[in-house]
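Novice: Pulled the feature table from TrEMBL, pasting it below:
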BINDING   ASN99, LYS100, VAL101, ASP102, GLY151, GLN152, SER153, GLY154, VAL155, GLY156, LYS157, SER158, SER159  GTP binding site
BINDING   CYS233, CYS238, HIS240, CYS246  Zn(2+) binding site
DOMAIN    52-209  domain 'CP-type G'
DOMAIN    60-207  domain 'EngC GTPase'
Amino acid sequence: MAQGRLLRTMTRRSTGRVVCGDRVTVRESFPGEAVVERILPRRNVLERTNYRGQAKPLAANLDLLFVVIAPAPIPDLHLLDAYLVLASHLAVKPVIVLNKVDTLTDTHPLHADLALYRELGYGMISVSAKQAVGLDAVGETLDGGTAILLGQSGVGKSSLVNRLIPDIDARTQALSATSGQGRHTTTETTLYHVPPTGALIDSPGIRILRLGHLPASEIQRGFPEVAEHAQGCDYRDCRHDREPACAVRAALESGQIAASRLVSFHRLLAGSAQAPGG
């Protein structure tokens with residue numbers, strides 16, 4: 001089958017739900033149409049969990065999470081921390097993408113937050129979708145992999161996608177014509193190929209991130225500085241709250257762990273039924 005073709009596909013119920021990033025085998029049934037015969041094994045799956053705890057897969061086989069923040073709206077650091085925990089759980093590389101860098105003043109309080117995450121070792125890219133600044137760094141970081149853009153509302157994810165994929169309107173029209181479902185809307189998760197071999201997934205489906213399905217050990221692993229100091233706690237199931245001889249609390253008091261990070265850790269831990277050592 002020729003590469004680079006758009007096919008209108010059908011999926012058998014027994015095959016399962018196909019999501020962006022899936023590798024599949026197909027059988028062409030008619031010109032321009034095919035049947036998905038098998039979903040190849042996934043390396044990871046990003047799921048959206050509703051308030052009932054029911055999970056719906058959104059994307060698969062990810063290499064990176066691009067977490068987009070901006071000077072305005074004021075970054076939700078708890079949400080940022082939740083995205084970083086998610087990246088740890090999926091075993092993918094998280095990269096913080098600071099958009100609207102042209103609006104970042106020298107006195108903006110965000111500088112202190114950025115310094116904290118740099119010190120923790122997280123990758124960071126500064127861009128301006130409006131001014132077309134720093135976009136090459138995004139492509140270089142993608143480096144042939146598959147990434148998904150995540151972030152709170154208003155940080156400019158759509159503008160960033162439009163800059164990274166200049167012919168997005170033409171691709172959308174081709175996709176709509178192939179699917180027969182009319183114009184593409186912002187409620188869909190879509191994968192765009194980024195030359196030469198990368199892929200970028202735009203998903204508005206994760207406006208609220210729930211991690212209650214993750215065990216507490218996974219949440220702790222997503223806070224590397226907490227996990228490191230937790231090894232010195234006297235109790236294996238220490239929740240780093242009021243327990244005696246807690247090495248994490250000691251690290252907090254000595255300034256080795258930021259208070260905002262420990263607050264995020266406890267907020268996420270509150271949604272998990274297991275203790276960190278369980």
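Backbone N, Cα and C atoms are what each Cβ position is placed from, and that goes for glycine too.
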Novice: When secondary structure is assigned with DSSP, how many helix, strand and coil residues does the domain 'EngC GTPase' (60-207) contain?
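Specialist: Summed over the domain 'EngC GTPase' (60-207), the classes give 55 helix, 34 strand, 59 coil.
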Novice: Taking just the CA atoms, what is the gap between HIS240 (Zn(2+) binding site) and ASN99 (GTP binding site) in Å?
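Specialist: Their Cα atoms are separated by 34 Å.
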Novice: What whole-number Å value do you get for the CA-CA distance of VAL101 (GTP binding site) and CYS233 (Zn(2+) binding site)?
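Specialist: With the alpha carbons as reference points, the distance is 40 Å.
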Novice: Could you give the Cα-Cα distance between LYS157 (GTP binding site) and CYS246 (Zn(2+) binding site), in whole Å?
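Specialist: Per the Cα atoms, LYS157 (GTP binding site) and CYS246 (Zn(2+) binding site) stand 40 Å apart.
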Novice: Non-local Cβ contacts of SER159 (GTP binding site) (under 8 Å, 6 or more apart, same chain)?
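Specialist: Correct list: ASN99, ALA129, LYS130.
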Novice: Kindly state the mean pLDDT of the domain 'EngC GTPase' (60-207) in the predicted structure.
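Specialist: The predicted confidence over the domain 'EngC GTPase' (60-207), as a mean pLDDT, is 88.
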Novice: Return the count of C-beta atoms lying within 10 angstroms of the C-beta of ASN99 (GTP binding site), excluding that atom itself.
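Specialist: Here the count is 26.
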Novice: If you take the centroid of the Cβ atoms of CYS233, CYS238, HIS240, CYS246, the listed Zn(2+) site, which other residues of that chain have their Cβ within 8 Å of it?
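Specialist: Residues close to the Zn(2+) site, other than CYS233, CYS238, HIS240, CYS246: ALA230, ASP234, TYR235, ARG239, ASP241, GLU243, ALA245, ALA247, VAL248, ARG249.
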Novice: Could you give the Cα-Cα distance between VAL155 (GTP binding site) and CYS233 (Zn(2+) binding site), in whole Å?
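Specialist: Here the two Cα atoms are 39 Å apart.
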Novice: Do you know which of the binding-site residues VAL155, CYS233, CYS238, CYS246 has the most other C-beta atoms within 10 angstroms of its C-beta?
Specialist: VAL155
Novice: Tally every other Cβ atom lying within 10 Å of the Cβ atom of VAL101 (GTP binding site).
Specialist: 18
Novice: Compute the C-alpha separation of GLY151 (GTP binding site) from CYS238 (Zn(2+) binding site), stating it in Å without decimals.
Specialist: 31
